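Novice: Take a look at what TrEMBL says about it:
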| type | residues | note |
| --- | --- | --- |
| TRANSMEM | 9-30 | transmembrane segment |
| TRANSMEM | 61-83 | transmembrane segment |
| TRANSMEM | 104-122 | transmembrane segment |
| TRANSMEM | 142-163 | transmembrane segment |
| DOMAIN | 143-234 | domain 'CAAX prenyl protease 2/Lysostaphin resistance protein A-like' |
| TRANSMEM | 175-193 | transmembrane segment |
| TRANSMEM | 199-217 | transmembrane segment |
| TRANSMEM | 224-243 | transmembrane segment |
Amino acid sequence: MSSPSRTRLGWEIAIVLALSIGQSAIYSVLSFTRSLLREAALRDQATALNPSRADEAVWDAIYRVFDVFFDLAMVALVLYLLWEPGRRAFDRIGLTFSRFGRDCGVAVLLVAAIGIPGLALYGVSRLMGLTLQVQAAELDAAWWTIPLLVLSAVRAGLLEEIILNGYLAERFSQLRWSAWQALVFIAVLRGLYHLYQGPAMALGNVVMGLVFGWVYLKWRRVMPLVLAHALIDIIAFVGYPLAAPFLP
């Protein structure tokens, strides 16, 4: 089977990003621009993690489940695009359980290296007025709130890491981009779709992107990145509401 042309790969990448992370990045930039244009300072504004999708708890849960479903459909699409005769996409990007113990160990190290400094960055940047206040979801809204937040965290880990460090890294390699070109592009894109929280958190996510991208390019395994991202988001989605009253 012949390799796809550079032009076709370029259009494929553009379409995938327009339907997923690129779209989120554009909306994030627009949201941050609106925040800058408001009279209130960034420190006096707020943004929500996992905002409610409906006033009624049951309908909110239904919407959230479908949100996860459609995002995972996007994950399925990029895996399909990476699939080649005789070469499974799961094996190609290291999304397998063959080294699960080692992957879990790497994930824990990444959580410690990225997650803990990330919390410190949020606190310091809030004091400096460089970050909006992040409002967490209420954990006691319904019995299914925490399971849905965990599901959303897993969804985020799969969607972001498979597209960024699995799909994009592989496609950029086919386009003969250097490792540093791919790393910087992917890291900046990760930062842009977190810009709605403020410049400090966007910069923190650029650093996270560089670290995660380096790990992927070194071992070609996306599984530890998915696990680490999911754990970081579980801490943010479930742990942050408990710690929020004590943060700036």
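Cβ coordinates come from backbone N, Cα and C, glycine included.
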Novice: So which of 9-30, 61-83, 104-122, 175-193 is most in touch with the transmembrane segment (224-243), counting Cβ pairs under 8 Å?
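Specialist: Comparing 9-30, 61-83, 104-122, 175-193: 104-122 has the most Cβ pairs near the transmembrane segment (224-243).
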Novice: Rank 9-30, 142-163, 175-193, 199-217 by Cβ pairs under 8 Å to the transmembrane segment (104-122) and hand me the top one.
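Specialist: Going through each listed stretch, the top one turns out to be 199-217.
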Novice: Near the transmembrane segment (9-30), which residues from the same chain, at least 6 beyond its ends, have a CB less than 8 A from one of its CBs?
Specialist: 71, 74, 77-78, 81, 159-160, 163-164, 167-168, 171, 174-175, 189, 192-196
Novice: Averaged across the domain 'CAAX prenyl protease 2/Lysostaphin resistance protein A-like' (143-234), what pLDDT does the model get? Just tell me the whole number, please.
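Specialist: In the predicted model, the domain 'CAAX prenyl protease 2/Lysostaphin resistance protein A-like' (143-234) has a mean pLDDT of 96.
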Novice: Residues of the same chain, at least six outside the transmembrane segment (175-193), with any C-beta under 8 angstroms of its C-beta?
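Specialist: The answer is 6, 9-10, 17, 21-22, 24-25, 28-29, 160, 164-165, 168-169, 202-203, 205-210, 213-214, 217.
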Novice: Reported in the order helix, strand, coil, what are the DSSP residue counts of the domain 'CAAX prenyl protease 2/Lysostaphin resistance protein A-like' (143-234)?
Specialist: 80 helix, 0 strand, 12 coil
Novice: How about long-range neighbours of the transmembrane segment (199-217): same chain, 6 or more residues beyond its ends, C-beta under 8 Å?
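Specialist: Long-range Cβ neighbours of the transmembrane segment (199-217): 32, 94, 106, 110, 113-114, 117-118, 121-122, 124-125, 128, 130-131, 161, 164-166, 169, 179, 182-184, 186-192, 224-225, 228-229.
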